[in-house]
Amino acid sequence: MIIFATEVQTINSFVRLESFKEVYGLIWGFLPIFSLVVGIVTGVLVLVWLEREISARIQQRIGPEYAGALGILQALADGIKLLFKENLRPSRGNTTLFSIGPSLAVISILLSYSVIPFSNHLVLADFNIGIFLWIAISSIAPIGLLMSGYGSNNKYSFLGGLRAAAQSISYEIPLTLCLLSISLLSNSLSTVDIVEAQSKYGFWGWNLWRQPIGFIIFLISSLAECERLPFDLPEAEEELVAGYQTEYSGIKFGLFYVASYLNLLISSLFVTVLYLGGWNISLPYISSLELFERDPIFGTTIGIFITLAKTYLFLFISITTRWTLLRLRMDQLLNFGWKFLLPISLGNLLLTTSFQVFSL
């Protein structure tokens with residue numbers, strides 16, 4: 001069989017075209033993940049700057065102002081400083097657990113962002129069980145904190161790790177029961193379906209009005225999961241120095257610092273998605289679906305802006321709560337979770353189930 005030169009060139013060009021298609025496929029596959037990571041990093045930097053500015057205003061002081069315009073680059077400067085600091089390891093601790101703990105906490109929180117719909121058709125992974133996936137992934141983070149406390153070979157670190165695990169278990173159950181109530185109202189476990197179910201009746205169709213008790217319980221439980229005041233028992237400075245972070249320095253300490261803000265941001269995003277209508281505008285005579293049908297790019301941009309606006313509104317509430325309420329004792333924290341929030345969330349679930357079964 002004789003192959004002419006033109007046929008060889010055709011075969012070579014076809015091979016190059018197929019290789020280019022594979023490269024383009026890889027690029028388009030990683031582009032959404034890269035965009036999400038860039039967006040998360042930017043969101044955390046803005047969140048840190050907002051907390052410092054709001055905290056400064058509450059305490060009647062100036063706050064950061066030298067690193068960039070209005071001090072907006074102060075968080076980036078702190079991150080670079082921690083990046084070049086020495087990583088110390090406890091001489092008698094378990095170095096494996098000590099090193100894995102921070103990474104496990106950060107990775108488990110980052111994976112939770114994959115099920116967040118930032119706008120219509122703008123979600124990294126639209127699973128049918130997206131809510132359960134978030135609960136399962138978020139349950140891994142306390143394991144990393146417990147590993148960090150145990151691997152540090154320090155009594156304060158170990159007590160902080162135990163407190164983090166106990167606190168997470170105590171408030172994970174009421175939070176899950178609230179999510180089940182939302183899924184019953186929406187007839188779905190998908191975050192996208194939950195947002196679309198709230199878009200039928202506009203502003204009054206938000207789950208905030210249909211589940212006010214569940215919203216309050218979810219708000220309290222999410223603050224406890226984020227270990228924010230008044231629930232910052234695992235790292236109480238007056239009692240445990242810095243809790244499970246006591247022996248950490250450098251980039252590992254920075255990972256814990258980032259993890260706390262990542263957790264706060266993901267909790268606020270879930271409040272927006274589950275209770276505040278997600279990307280829906282909820283204004284009279286303006287429909288989100290009409291915007292997407294007219295101009296998909298403009299509609300997606302507006303949806304992202306609305307989602308982030310609702311998210312940062314909730315973050316403002318979380319930040320002001322930090323400087324308003326006093327820290328609870330450990331026994332008060334556990335009693336509040338097991339004896340108060342759990343029965344109320346269970347009753348709310350039973351009431352929601354009754355309404356759905358009898359179509360009241």
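Using the three backbone atoms N, Cα and C, a Cβ is placed for every residue, glycine included.
Copied over from Swiss-Prot, here are the features:
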- 30-50: transmembrane segment (TRANSMEM)
- 98-118: transmembrane segment (TRANSMEM)
- 127-147: transmembrane segment (TRANSMEM)
- 165-185: transmembrane segment (TRANSMEM)
- 203-223: transmembrane segment (TRANSMEM)
- 253-273: transmembrane segment (TRANSMEM)
- 297-317: transmembrane segment (TRANSMEM)
- 340-360: transmembrane segment (TRANSMEM)
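Same-chain residues lying 6 or more positions outside the transmembrane segment (98-118) and placing a CB less than 8 Å from one of its CB atoms are 36, 39-40, 89-90, 124-127, 130-131, 133-134, 137-138, 140-141, 143-149, 151-152, 191-192, 195, 244, 247-248, 252, 255-256, 258-259, 262-263, 266, 269-270, 273, 278-279, 303-304, 307-308. Proximity of the transmembrane segment (297-317) to the transmembrane segment (340-360) is not established, fewer than 3 Cβ-Cβ distances being under 8 Å for residue pairs spaced 6 or more apart. If one looks beyond the transmembrane segment (127-147) by at least 6 residues along the same chain, the residues whose Cβ comes under 8 Å of a Cβ in the stretch are 97-98, 100-105, 108-109, 111-112, 115, 160-162, 164-165, 168-169, 172, 175-176, 179, 182-183, 188-192, 194, 225, 234, 244, 259, 263, 270. Among 165-185, 253-273, 340-360, 165-185 has the largest number of CB pairs under 8 A with the transmembrane segment (203-223). Packing against the transmembrane segment (253-273) from elsewhere in the chain are residues 40, 43-44, 47-48, 79, 82-83, 102-103, 105-106, 109-110, 112-113, 116-117, 134, 141, 148, 191, 194-195, 215, 218-219, 222-223, 225-228, 244-245, 307, 310-312, 314-315, 318: each is 6 or more residues past its ends and has a CB under 8 Å from a CB in it.
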